[in-house]
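Student: Quick one: this structure, given as structure tokens, is what I'll be asking you about.
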Amino acid sequence: MHRQRGAALLTAMIIVTLIATLASGMVWQQWRAVQVEVAERGQVQAQWILNGALDWARLILREDGRTSNVDHLGEPWAVPLAESRLSTFLAADRNASTDDAPDAFLSGTIRDAQARYNLRNLVRDGKVQPVELQTLQRLCALVGVSDSVAVQIGEALRLASPGNSADVGADTGDTGRSGGIPVLPASIDDLGWLGLDAISVRRLQPFVTWLPGITPVNLNTAPKEVIAAVVSSIDLASAERLVQSRLRNHLRQVEDARPLLGPGAGLDSARMSVNTRYFEVDGSMRLEQMLVAQRSLIERTPQTREVRVLRSVRIRPTATVGTSLQQ
């Protein structure tokens, strides 16, 4: 009799334990599902707000294109948006209530993509252009990278150009290639595909870009290193003089730079400009505990002033999203 009671008690304890385990498991799964739903909803909300901010940037660039044919760092688009509470913008609308607004913060910046040297300029019609290669070699020297890296980039881009894949042969080196064929980078973040080491990529990245077409460098926005590289026969000090001067008076045409750079400066209106077609827009959204950042490439057509988004990608959020990189 006692043995039966003990067995019954043990069975009851086991059943209670199983029920408690199952119940706790169900509670955990439900909590997890709620957290996933909250995270997904937050991602959707953040993306919606970032898309709205991107439309705002497009409007700024469209209006800028209508009022001026010159792009410089004194224009409204070049002023970064420091991290601001979203309710600040909602409060500007008298018909909008901020009582239920999320604790969200928005920051962003518009950058001139043509302030950097476009690596796509290196190769035309399947051939490396000597003038462009010399420009990249000068830039490499100015930022502490071996000039052999410029040759490496030019050769990789040449081999990756349409019609040149047959020249690759049996090359199977570790240069970001598939079957020995170099792969064109989708953006400047993919410089490693060309076989560059991490140090060279880190040093070059702030000064080079990869745009859909061949582009001139905007002398009104480019840093001194890029100016000294693209304008032949000048040194870094001359480029710095131009950078300081344009803070007070921006260039209205390429030739306006000659008094600052000297009569021997190799100014070329085909490779240099004072206006821009391509811009980068970085946006960062901090929504409660979540931080989402996005980078978009925008094209503004000179003739029609149409502004369209070419690509948008998620990026790692950093403290530089809301700051200007062209000061």
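Note that Cβ sites are derived from N, Cα and C of the backbone, with glycine treated the same way.
TrEMBL lists these features:
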- 115-212: domain 'T2SS protein K first SAM-like' (DOMAIN)
- 217-261: domain 'T2SS protein K second SAM-like' (DOMAIN)
Student: DSSP on the domain 'T2SS protein K first SAM-like' (115-212): how many residues come out helix, how many strand, how many coil?
Tutor: 52 helix, 12 strand, 34 coil
Student: Give me the mean pLDDT over the domain 'T2SS protein K second SAM-like' (217-261), rounded to a whole number.
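Tutor: Summarising the domain 'T2SS protein K second SAM-like' (217-261) by its mean pLDDT gives 96.
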Student: Looking only at the domain 'T2SS protein K second SAM-like' (217-261), what are its DSSP counts of helix, strand and coil residues?
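Tutor: Secondary-structure composition of the domain 'T2SS protein K second SAM-like' (217-261): 26 helix, 3 strand, 16 coil.
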